[in-house]
Amino acid sequence: MERLCGPKLPFWVANQTLHTDSPDLPECFQLSVLSWLPCVYLWLACPPYLFYLQRNNKGYIMMSILNRVKTVFGLVLWIVCWTDLFGTFHELQQGDTKPPIYFVTPLVVGMTMLLALFLIQFERLRGVQSSGILFIFWFLSVMCAIVPFRSKILQAKYQSEISDKLRFTTFYFYFSLIVAELILSCFNEKPPLFSNIDTDPNPCPQSTAGFLSTMTFWWFTSMAIKGYKNPLEAKDLWSLNKRDSSEVVVPKLLREWEVEQAKAHSAEDQSTQALYSKPPPAGESNHVGGESSPEEVEVLLSKQKDPKKPSFLRSLIKAFGPYFLIGSAFKLLQDLITFVNPQLLKLLISFTKQKGAPTWWGYALAFLMFFAAFLQTLILHQHFQYCFVTGMRLRTSIIGAIYRKSLIITNAAKRTTTVGEIVNLMSVDAQRFMDLTTFLNMLWSAPLQIILALYFLWQNLGPSVLAGVAVMILLIPLNAAIAVKTRAYQVEQMQYKDARIKLMNEILNGIKVLKLYAWESSFKDKVLEIRQNELNVLRKTAYLGALSTVAWTSAPFLVALTTFAVYVTVDKNNILDAEKAFVSLSLFNILRFPLNMLPQVISCIVQASVSLKRIQDFLSHDELDPESVDRTNTATDSSVTVVNGKFTWAKQDPPALHNINLMVPQGSLLAVVGHVGCGKSSLVSALLGEMEKMEGDISIQGSVAYVPQQAWIQNATLRDNILFGKAYNEQKYRCCLEACALTQDLEVLPGGDLTEIGEKGINLSGGQRQRVSLARALYNKADVYLLDDPLSAVDAHVAKHIFDHVIGPEGALQGKTRILVTHGISFLPQVDNIVVMVEGRVSEMGSYQELLKQNGAFAEFLRNYSLEDIIEEDEATEALTDEEEDFPDDALSNHTDMVDNEPVVNEAKRQFIRQISIISGDLENPKSRSVRKRLCSERKHAESDSEKKLPKVAKLIQAETAETGRVKSKVFWEYAKAVGPLLSLFICFLYGCQSAAAIGANVWLSQWTNDAAQNVTQENVSMRVGVYAALGMAQGLLVMVSSFTLAMGNIGAARKLHYALLDNKLHTPQSFFDTTPIGRVINRFSKDIYVIDEALPSTVLMFLGTFFSSLSTMIVIVASTPIFAVVIAPLAFIYIFVQVCCCWPTVCCPRPTACCGQPNSCTSTCSRGC
C-alpha cells in the first residue's frame, strides 16, 4: 500500500488504532479499504443481478418523483467524486504532488456511482419496485463513511484551520447524499404497468414490499394487528400470490413428471430394441441345431435389468429446487455467522483478563456480538421463509398431481388403489414433504456445523478433540440401525393406516345400513383391531425415536466430557481455564443443535422416502388413453362411429365388447337395448374412452354430455348442480326445468332452486336426482348425448313426460345426436334406430319396423312381453289426463328411490322385467298424444318473481367451524387426561430433574475452571472429572427415562382419543351423516389422527425441552448475577406481547385449512370414478 499512499500516509498504526482511548483509522486505510469495499461489492454483485433482471421482466414502471430524486442524487454523487479527481489534477498542476490514492479512489468511486445510476434506471425498466442490491450498497457506503466522518470532525476540532477545504467540503456533500440515497431506497416504487397487483382487490403486500420490509417481515404487521384485535377468518387473509397458486405450481410439477416419464419410456424402448435386434449367431451356439435352449433364454431374460422407473424425486427437485437453493444459501450464511460469537466471546474473556485494556474494546465486542446475533436471526428467518414456501408449494403440487391422476387411471389401477389410500396420499404423505422441507437443509448444514465446531475446538484444545470425534463416530452405526428399522416400521404403519381409512370410508358410505342392522359394535371391533396393529407399530417407532433422542442428546455432553478429560490428563501443562472451558462449551452448545436435529431429519427423510415411493407408485399407474376416441375426424357425416371395436376393462381381462360396428348419423336418436349384463353400459363407457381399446377405431364429432345410470349430485344448491359452472340464463334454465319435470319440485323444496342439496343428493329422491342430472346435461348444450338408462329411476308417466319433452323426436334435444340405453319398451317406436346387445356383441341393428320384420330375438321379446308394458302405459296416460296436464306433487316430489326403498319382492320382480328387455309393439296411446308437450314459450315465468319471495332457508350442510383465539386450557387438560394426569406430572418432574443435572454439570465445570487461578489443578483432576461424568451420566439416564415415559404416554393418548372419536361417530344419529360431508369425517380419522399419532408427540417433546432449558438458563443467570432478575419482568412482558400479537395469527391461520381440506372433493370424486 506504500506505493498508493506514499511514505507519509501509513496504512496501519496500532498505537493510533487499538491501544488508545480515542481510536482512529489512518487516512490511507480510510481512502483505500473503507472507500473501495462498497465498490467491490457492487461490481461483484452486478453481473449475476443483471442476468437475473434480464431473465425476469416484471413490467415497466413509469418515471416517478422518487426515481427522479434518486437519479439526480446519483448524478450529483458522480459530480462530487469527479470534483475530487479534478481537484487533485489541479493541485498537480500547481506543483503539489499527491499520492496515487487520491487519483484512484475518486475514479473508482465515481465509476461505481455511474454503475449505481445505471442500475436505478434499469431496475425501473424491468419492474423492480425495491432494490436489495442497491440498499446494501448504500448501507455499506454509509457504514464505511462514518469513520472518515468522525475523523474529519476531530480534525476540525483539534486544528485551528482546515488544511484541505475542498475535500472536506466534498466529503460532507458525499456523506449527505449517500445517507439520502439510503433513506430513499427504503421506499417503494409504484407497481409496474398492467400488473396483477392493480387488478387484485386484496393483494398480498409481500409482492410489493421493499427490501427492508421483506427482510424484517414488516409487511406482515397489519395482519398481526388485525389478528390481535379480532380472530382471523379465511376472508381476512390476503389473496394468494400468483406464483404460489395451484394453477402455477401443479402444472410446473406435472411438466417435469411428464419429462421423467418420457425418459423412462424411451430408455425402456431402447433396451427392448437392444434385446430383440441382434439374434445370436448360429455358429456360436453350443447345440446342433444352432438354436438357444429354453434354459439359455431364461438365463438371458433373468439378466436383463428391471425397466427404469420415472423418478418423482427428480421431478420435485427440477420444479422447486432452484427456489429452495436460495433458502439454502441463506442457511449457509447463517451457519458461518454462528461461529463468529464464540470467537468474540474468546476476545471478551481475554479483554476481562487485561487490566490496562481500553474500555471501548468491551463496548465494541458487546456490540459486535449483538450485531452478529441480530444478523444471524434475520438471515435464519429468511431461510425458514423460503423453506416454508417451498413446502407449501410441494404439498399443493403433490395433492394436485394425485387428484388429477385419480381421475384418469385405468380401471385395472382402480382395483389395486382404494379410496382410503388416495386420501392418505393427499393428506398424510403430502404433509410429510411439507414437514421435511423445513429442516431438509440440516442434512448438509449439520455436518458443516460439526466440522467447523471441531475445527475451532482443535484450535482451542488441540488433538484432545479427537476423543470427542471418536464418540460421535461410535454413535453413527446406532443411528443408522435405528433409521433402517424406523423405515421398515413406517412402511408397515402406512399399510395399516390405509386399511383403517379404507374400512372407515366403507363404514361411512354405508352408515345407514349399518345402523339399521345394528352392526356398530362388530364394525367398531374391526376398526379397533386394525388400530391396535397400527399402534403396536407406532409404539416400536416411538421407542426407537426415544432411543435416538437419548443417544444424540447425550452426545454433546459425552463429547465435552471425553475431550476435557483427555485434555487435562494427557499433559500436566494443560490447564482448563475459563477461556478454554467456556469457549469450548459455547462450541459444544453449537454442536448440540446439529447433533440433536440430525436424527430427526434422518427420521423425517425416512418417512418421506416411504411416502415418496407410495406417491411415485401411484403416479406411475397406467392412464386412460386420451387418443382412444378420435374427436378430430370430420370425414364422415356420422356423429359417432365405431369400426371393428374390441374393448376390455383391463388389459389382462378378456374383452367385454367384441366386433362393435356402429354408425350414428348426425341428429339421430339411437336406442340400445338388451339383457342385464349384455354390455349396454360398457358400450357407453367405451364411447367415453373409459375402457381399454384393443382393436378398432372410435370417432365422435363435437362435445359430449353424459347422463349416468346413477346420478352424481354435488353438495351445492339445486341451481348450481344444473348450471355446473355455466353462466346463468334464466329463459334457458326455466326451459330445462320444465322439460325435465322439475318445476313442480321447486314448489315443494323449501328454498326453491336455491335449496342446498346434501352430499350424494341425500335430500332428493332417486327420481329427482336423475332428473337433475338430466337437466344438467340439457343445459350444457353438447353435440352428442350419451344417456345411460336415465328413465329407470322415475315413474312411468314422468318417464313419458321426459321422453316427449327432452329425448324424443320433438323434445328439446331434437337435432342433437342421442344414444339412449333404455328398458322402456313404449319409447322404441319413436326412435330412429335400435341396437340390440347380446353378450357384448351387436346382435341386431335397424329401425323398429325393420327389426320386427326380421322376426329375430327382438320380435320374440315383443310378442311375449309387450302386455305388461301396455298396462303400464295405460295407467300412466290415465294419471296424466286425470290431473289435467298437471303432475301431482306426490308423483314428482315424494316418490321414493326404487333401488333404495322398495321391498325385496318388488325389487326381484323389477329386475326380472328389466332382464327380458322387451319392446312393446303397441303404438303410442292417443290419449297420451293429447298431453304430450308443453312449450316453454307458453309458460309464464312467474318463478323469477316468486324466487325473491322465498323464505330464507337454513343451510343443510353447515360450514365447518374452526376455533378462534387462543387454545383453551380445556384442550390441554383433555390431552393431559388422555396421557394420564399422574404420568404427565411425572414426565414434567423427569424433565425438571434432567435440567437440574445439566445445571449441576455446568456449575461444576465453572468450579473446575477456578482451580487454574488457585494452582490446584492437578490435585483435583480425578475428582473433577469423576463428578462431572457422574452428573452427565445422571442427565443421560433421566433423558432416557423421560423419553420412554413420554412415548408411552403419547401412545396411550393416541389410543384413547381415537377410541373416543370412533365410538362417538358410530353412536351419532343418522341426521349428522345426512348433513355432514363424508370427507369431513374422513379428515378427522386421517389427518387429525396423524397429528395426534406423530406430529403432537414431537411438539410436546420440543416444548418440554425448550421450556425447562430456558427456565434453567434463567435460574443460572439470576444465581450468578442477581441484578438480572430486574430485567426478567420487562423481557417477559415484551415476549408475551410478541407471542400474543404475532403468534395468534399463526395459530388461527392453519385452522381454516383443516376445514377446507381435500378429502371432501376427493372422496366424492373417487366414489364416482371408482
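Just so you know, glycine gets a Cβ as well, placed from its N, Cα and C.
For reference, TrEMBL has these:
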TRANSMEM  33-52  transmembrane segment
TRANSMEM  101-120  transmembrane segment
TRANSMEM  132-151  transmembrane segment
TRANSMEM  171-187  transmembrane segment
REGION    263-291  region 'Disordered'
TRANSMEM  319-340  transmembrane segment
DOMAIN    325-607  domain 'ABC transmembrane type-1'
TRANSMEM  360-380  transmembrane segment
TRANSMEM  439-458  transmembrane segment
TRANSMEM  464-484  transmembrane segment
TRANSMEM  541-570  transmembrane segment
DOMAIN    640-864  domain 'ABC transporter'
TRANSMEM  982-1005  transmembrane segment
DOMAIN    985-1140  domain 'ABC transmembrane type-1'
TRANSMEM  1025-1047  transmembrane segment
TRANSMEM  1111-1138  transmembrane segment
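When the stretches 33-52, 439-458, 464-484, 1025-1047, 1111-1138 are ranked by Cβ pairs under 8 Å to the transmembrane segment (132-151), first place goes to 33-52. Long-range contacts of the transmembrane segment (101-120) within the same chain: residues 4-6, 9, 28, 31-32, 35-36, 38-39, 42-43, 46, 49, 67, 70-71, 74-75, 77-78, 81-82, 84-85, 88, 131, 133-134, 137, each at least 6 residues beyond the stretch ends and with a Cβ under 8 Å from a Cβ of the stretch. On the 0 to 100 pLDDT scale, the domain 'ABC transporter' (640-864) averages 86 in this prediction. For the transmembrane segment (464-484), same-chain residues at least 6 beyond its ends with a Cβ under 8 Å from one of its own Cβ atoms are 450, 454, 457-458, 544, 547-548, 551-552, 555, 558-560, 562-567, 570, 574, 595, 598-599, 602-603, 606. Remote same-chain partners of the transmembrane segment (171-187), defined as residues 6 or more beyond its termini with a Cβ less than 8 Å from a stretch Cβ, comprise 66, 69-70, 73-74, 76-77, 80-81, 130-131, 134-135, 138-139, 141-142, 145, 148-149, 152, 210-212. Ranked by the number of CB pairs under 8 Å to the transmembrane segment (360-380), the listed stretches 319-340, 439-458, 1025-1047, 1111-1138 are led by 319-340.
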